[in-house]
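What TrEMBL annotates here:
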type     : residues                                                                                 : note
ACT_SITE : B:GLU41                                                                                  : active site, proton acceptor
ACT_SITE : B:GLU41                                                                                  : active site, proton acceptor
ACT_SITE : B:CYS148                                                                                 : active site, nucleophile
BINDING  : B:TYR118, B:SER182                                                                       : L-glutamine binding site
BINDING  : B:GLY295, B:LEU296, B:SER297, B:GLY298, B:GLY299, B:ILE300, B:ASP301, B:SER302, B:THR402 : ATP binding site
BINDING  : B:ASN378, B:GLU407, B:LYS517                                                             : deamido-NAD(+) binding site
DOMAIN   : B:1-252                                                                                  : domain 'CN hydrolase'
Number of protein chains: 2
Amino acid sequence: MKIALAQLNYHIGNFEANTQKIIKTLEEQKAKGVDLVVFAELCICGYPPRDFLEYPEFIDHCEAEAQKVAAASVGIACIIGLPKLNPVLEGKDLYNVAYFIEDGKVKQTVKKALLPTYDVFDEYRYFEPAHEFKCVDFKGYKIALTVCEDLWNLGDNPLYKTCPMDELIKEEPDLMINIAASPFAYNHDEERIFVLSQNCHKYNLPLFYVNHVGAQTELIFDGGSLVFDKAGDIVHEFKYFEEDVQVFDVEQIKRSIVLNKEQVRQTHTEQVYQALILGIKDYFEKSGFTKATLGLSGGIDSAVVCALACEALGAENVMAVLMPSKYSSDHSIKDAEDLVKNLGCKSTIISIEEVADAFEHTLKPEFKDLPANVTEENIQARSRGVILMAMSNKFGYILLNTSNKSESAVGYGTLYGDMCGAISVIGDCYKTQVYQLAEYINRQKEIIPVNSIVKPPSAELRPGQKDSDSLPDYDILDKILFEYIELKKSLKDIVSLGYDEALVKRILKMVNQAEFKRYQTPPTLRVSPKAFGMGRRMPIVGKYLS
Amino acid sequence: MKIALAQLNYHIGNFEANTQKIIKTLEEQKAKGVDLVVFAELCICGYPPRDFLEYPEFIDHCEAEAQKVAAASVGIACIIGLPKLNPVLEGKDLYNVAYFIEDGKVKQTVKKALLPTYDVFDEYRYFEPAHEFKCVDFKGYKIALTVCEDLWNLGDNPLYKTCPMDELIKEEPDLMINIAASPFAYNHDEERIFVLSQNCHKYNLPLFYVNHVGAQTELIFDGGSLVFDKAGDIVHEFKYFEEDVQVFDVEQIKRSIVLNKEQVRQTHTEQVYQALILGIKDYFEKSGFTKATLGLSGGIDSAVVCALACEALGAENVMAVLMPSKYSSDHSIKDAEDLVKNLGCKSTIISIEEVADAFEHTLKPEFKDLPANVTEENIQARSRGVILMAMSNKFGYILLNTSNKSESAVGYGTLYGDMCGAISVIGDCYKTQVYQLAEYINRQKEIIPVNSIVKPPSAELRPGQKDSDSLPDYDILDKILFEYIELKKSLKDIVSLGYDEALVKRILKMVNQAEFKRYQTPPTLRVSPKAFGMGRRMPIVGKYLS
């Protein structure tokens, strides 16, 4: 039996494009003599469809598209994923299912049992879990077909009481197939490989695993589909961050002929770099946009975002806007101009002095002789926001946000100012990770001016301002933030690692008090196991460690 | 047995304040000879604590506070709610429990079985459902004690397979007690009364039901705790939107002496009015703020928000900012000034002409002779946003957002402009509901100038602009939006109600295309069964009906 795994990039709710892509792949594989093509979880509608799942019309649409795929599956079998109405008036309205399609018909429906509700996932909001399990018979093979999370309980995952493979194995299947929608985080590919490999070990079966690739707003699916032999060794690891379709001979895999065992793993920084490129690219393509703008300060954050945008969209589609004020240092303009030269993107200089002065003059009767403070700093940041949005409105550029995760965590940024943008590119990268990205971008030649990397970070909103005036060094800050945000450690536990108690207290307080700001920030490309946004849901008007 | 129900206003994560309030109530009731005081669901930490529940330190804190309450419960029993660690490494980490505390000790722990995951709820993200049920014995009574949703399956709710009361009734209890956290929506009090009353009918038992009161950012808990006799008739309906503690003699209730059967129900508009007042009030009190600002345009939306803010915070704490441009009509300033006079709040006039001109002049080298379009309209709205935020930054006023639900639905508003604010006051009220609120506010005398109510709505961002230039009449728009957003009807079903197909298509498209804007808007006080925000989770880069 020849089996093709199709790792494709879908678009949520874009039924026409998704179905077309699936049928085209089917036809190509049929021409190659393939017996079965496997597509990813919920490929019909894209993942995650979120509350569209509550619209009965959306569900009807999914079924209709699945029938189109079935009708096109003559002479070739396939597996597709879709949400399906629960016919019984008990439990949730829907199941998350895989259709096994053969001879133009849905031959078997496999329901997902383990429904993640942690982090970015909300599956139990919509889906009823499966309680019955049955293998699929196809061309003399017995296939243990499961959906994504169903392989994530090997019997020892406390989250789940069901272990679907423990049930399916009773039928003595010949192989496992899993269709997934497993989003990227820099450490997730290794977890994924480990868990899937453990399944092969435990059940002594080969595994064909198909993931999504492509970004859906903040969630980036990295692909990296996998084929394992029954010993749990990797037979083939698919491309990351690209569509990829590969054909396998099941007999060969069953005989455990390892073709490609030792793939060199990418560093986290390389992965994050590629993930962000894909995140930008798909945000634009799927929204129907081509051109981006951003404010270029001469600092490292906007430099990295600009370089990423040029790589993702083409330098000719990126408009960098330099917006000096009276507090901008000379080197900032020069560093920004050097970057533009290195990248070859478009740029323009728009001074904010006139508008900032106009605001101060307009507000003079209110503010009288009150001393300048954060108000005037915010006016500058917001004047830049208005200018960038005006460029966006007038010319159709989409504004990229350039805030990093460290700033976002402690609320070091101006709402409606530098926190503007359609999508936050590096908002899930701590400042120290931004430096790593800069070094990676400069791996072959200097693209980001070294001066942007080595100079002390500054928002340049008042004379001589430095980030270190109000924040601890990023080396320390980022470590404390990681302990609190990613690892959910307590104040006490973080202090016990050797950090100053008053400092840790101050930082945790800043994090909790900045929830109101983060609530209004753009969606953030998720590259870590715990990003701000849909995967971290905090009260705003709480009073805990704040 | 004398039982007190304590309907109190808690603050998420503010353990000190919550515990103090609980212990103070215990002492007061003890002095009155009460035997048992019932507090609401998760009263120890406030509801909803959201992802704070993932912090082990937060959970430890809850347990420690519960032990303080237990220690204070000598000579009086009480029921409190808190999250509790699941001691077994199977299932979720936590249970949502009620502690029955007697003689200074936790005598029994009752776990919640039915965990809502619809709309604003995420309980299965955190909690393991109960599978075992046992009544509590106290002073010769057998009490069927349940937590909130556990009474929302009478055996016929397809969402749930468990019916806790069907289990508890086997022990032949004498009464039911339910501790709840049931947020306000204008139609929810009637649903609540109906469902609770049905429980009394079905099990032939009296019911003591305690709800939260108070707002937690966007979620408003309306109180309205209830006591029913075994026939399902209301014995007592607690105050709405206020703290309220009442004592009952269980024997009297058991004998079904209806004390207060026919309470006049408030209209939806009255309820929404009171909910919004409480929403504003608690946002400020719980954040430690006292003063608000808002932009006053002379239109009805900002007029209603200003009147609500004055009622909630005191007119002396409200600063209305009139920001005319060259496109503002004379009557707008006059209408705004009349409102200020009627309300007695502070006000100031800050023209945006100078800053808008400065932006246009600054951008002239970029825009050259391109015709004015939405860009220049947005510059005006954003100039106002910057000014309001500057007033906020300089003087500590918190900015109230004045967008309504109709605008928010179709994206008729400027991101970082009129969509700024810490909290959206009427963002869950359709324009037609805003008119009803205005009429209610004017029920005794003219507070909102009649001219603001009768004139055609306009954003006044270009000469002679009217909302009706780009939107259908609000009467029609709001009805279509309600069908789509609240009722989740399909295009076809909405058209079949008699609306023009092209119009419905256009509106649904506007709604779906505005997701990116709504993602960045302030939290919105929720008063309807389907508000934008945490209860409506849509993809941004989707392509469905868009």
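Backbone N, Cα and C define each Cβ position, glycine as well.
Features recorded in TrEMBL, as mapped to the structure shown.
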residue  : record                       : contacts (Cβ under 8 Å, 6+ apart)
B:GLU41  : active site, proton acceptor : B:TYR47, B:GLY81, B:ASN96, B:ALA98, B:LYS112, B:VAL147, B:CYS148, B:ILE179, B:ALA180, B:ALA181, B:HIS212
B:TYR118 : L-glutamine binding site     : B:LEU159
B:SER182 : L-glutamine binding site     : B:CYS148, B:HIS188, B:ARG192, B:ASN211, B:HIS212, B:PHE221
B:GLY295 : ATP binding site             : B:SER302, B:ALA320, B:VAL321, B:LEU322, B:MET323, B:ARG384, B:LEU388, B:THR402, B:ASP418
B:SER297 : ATP binding site             : B:LEU322, B:MET323, B:SER332, B:ALA336, B:THR402, B:GLU460
B:ASP301 : ATP binding site             : B:THR402, B:SER403, B:ASN404, B:ILE426, B:LYS431, B:VAL434
B:ASN378 : deamido-NAD(+) binding site  : B:THR414, B:GLY417
B:LYS517 : deamido-NAD(+) binding site  : B:SER408, B:GLY411, B:GLY413, B:LEU415, B:MET419
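Contact with chain A, taken as any Cβ pair under 8 Å, is found for the binding-site residues B:TYR118, B:ASN378 out of B:TYR118, B:ASN378, B:GLU407. For B:GLU407 (deamido-NAD(+) binding site), the same-chain residues that are 6 or more apart in sequence and have a Cβ closer than 8 Å to its Cβ are B:GLY413, B:LYS431. Taken as a whole, the domain 'CN hydrolase' (B:1-252) shows an average pLDDT of 97 in this prediction.
Secondary structure at B:GLU407 (deamido-NAD(+) binding site), taken from DSSP and collapsed to helix, strand or coil, is helix. Excluding the listed site residues B:ASN378, B:GLU407, B:LYS517, the same chain places B:ALA381, B:SER403, B:GLY411, B:TYR412, B:GLY413, B:THR414, B:LEU415, B:GLY417, B:ASP418, B:MET419, B:ALA514 with Cβ atoms within 8 Å of the centre of the deamido-NAD(+) site Cβ atoms.
The record gives B:GLY295, B:LEU296, B:SER297, B:GLY298, B:GLY299, B:ILE300, B:ASP301, B:SER302, B:THR402 for ATP. Within 8 Å of the mean position of their Cβ atoms, the other Cβ atoms in that chain belong to B:LEU294, B:ALA303, B:VAL305, B:CYS306, B:ALA336, B:SER452. According to DSSP, B:GLY299 (ATP binding site) is assigned to coil rather than to any helix or strand. Residue pairs drawn from B:ASN378, B:GLU407, B:LYS517, the listed deamido-NAD(+) binders, are separated by up to 15 Å at the Cα level.
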